[in-house]
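*Asks:* Sharing a structure below in structure tokens format, with a few things to ask.
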Amino acid sequence: MANRWVPVDFYGAPAYWFEIVTSIFGLDIFLSNMLLLWIAASSREIRTLPSNYFTINLAFGNTLVGSFYAFLQPFVLNYGDTSPVLCHICGFGNITFAMSFLFSPTLMAASRYYNVTRLPSSSGSNWFSSRAFFTKIGALSLLVAFWSYAILLPLFLLAIDQLGEDPSGFCGAKAFTSPLLYIIYIISLIIFALFNAVLTYIYFHRLSKFMAQYQRRPSDVSSTDTRSVMRLVAITAILPLICNSPTLLLSGGQWFIPDVMPMWLKRILVLPVFIPPMVGPWLTLLLLRPFKKRFNEKVMAKMWRRPTMTAGLIEPTPQPNDAVNVVQRPPVHRTTSVIVYDAAGRQRPPPHPLKATLSVP
């Protein structure tokens, strides 16, 4: 514990604002992605299609991100200075979930390409694509394989005691003192990111080319769904690269960038990392037809439900013993006082007060 190096202002009072902001963002991410998972679980149409598993996987990873920042981050920033294991756990999750953002768009693009260009039983389909993208077991096996690879890097960092307070202001990889470990860390991230970026571009380009050549009717349901998936893939692939750039620059460039920036400024610069998991579920509900349809049925229809009226004429209810419906009103009583004058024109009280009552029907 005595040799442990902690960045200045990483814990304590200077981190209270960061704790509040990340908790609010984390709770929003958790609830919105849980909504998407609930929509998917309640629809048989979504559950039975293997290609939807890759979209659900993205929401699952985002849900884990939100749970970490909403429920674990407050404990980390309050007690992590005396309990380093909290930052180790949080750093393990941050690196794993960041890598899940990279491979989810790749699997979505590949799945859509194979689904629209060939049938699972056609001669053009190879053994891998027929089982990985057209069966539930194949899709789940592919996801398990990618998650296992995403866990390898943080497991390696945990084994060499390199997880902890990241220079960027999050829990992740501690500042490296060994050039070899630093090179392994950077190369592992770069190779994984480039691998997924290249595959995503290849399948996206193939989809675009196929749509331009063979999809003659833009209003066709399959064409519309494919274009929606392409929009979602493009956004979910590009947005994390843009929003995570400050974090990758501060963490990956720690040996090249002088450490002169205060911690509060670093944390402001890395806040955009919350944007992709926040907007991801709403983009899915907006763009993908099965998810949008089920969302309208389960949520929007109940929120905006109004009483409906049956079309047609409404016949008046007949009144018994009445040919005409007459409104019966009680009589109105108006009271008038009588004033008496004498022969000289002076007013004098009458010997007996006189009042006239008129009944008006």
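The backbone N, Cα and C atoms fix where each Cβ goes, and this holds for glycine too.
Just so you know, TrEMBL annotations never went through curation; they're auto-generated.
This is the feature table in TrEMBL:
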DOMAIN    32-284  domain 'G-protein coupled receptors family 1 profile'
TRANSMEM  20-41  transmembrane segment
TRANSMEM  53-72  transmembrane segment
TRANSMEM  92-116  transmembrane segment
TRANSMEM  137-160  transmembrane segment
TRANSMEM  180-204  transmembrane segment
TRANSMEM  232-257  transmembrane segment
TRANSMEM  269-288  transmembrane segment
*Asks:* For the transmembrane segment (20-41) and the transmembrane segment (269-288), check the count of CB pairs under 8 Å (sequence separation 6 or more) and say whether it reaches 3 or more.
*Replies:* yes
*Asks:* With pairs restricted to those 6 or more apart in sequence, evaluate whether the transmembrane segment (269-288) and the transmembrane segment (137-160) have 3+ C-beta pairs under 8 Å.
*Replies:* no
*Asks:* Looking at the stretches 53-72, 92-116, 137-160, which one shares the most CB pairs under 8 Å with the transmembrane segment (180-204)?
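*Replies:* Between the stretches 53-72, 92-116, 137-160, 92-116 has the largest tally.
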*Asks:* In the predicted model, what is the mean pLDDT computed over the domain 'G-protein coupled receptors family 1 profile' (32-284)?
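*Replies:* Summarising the domain 'G-protein coupled receptors family 1 profile' (32-284) by its mean pLDDT gives 86.
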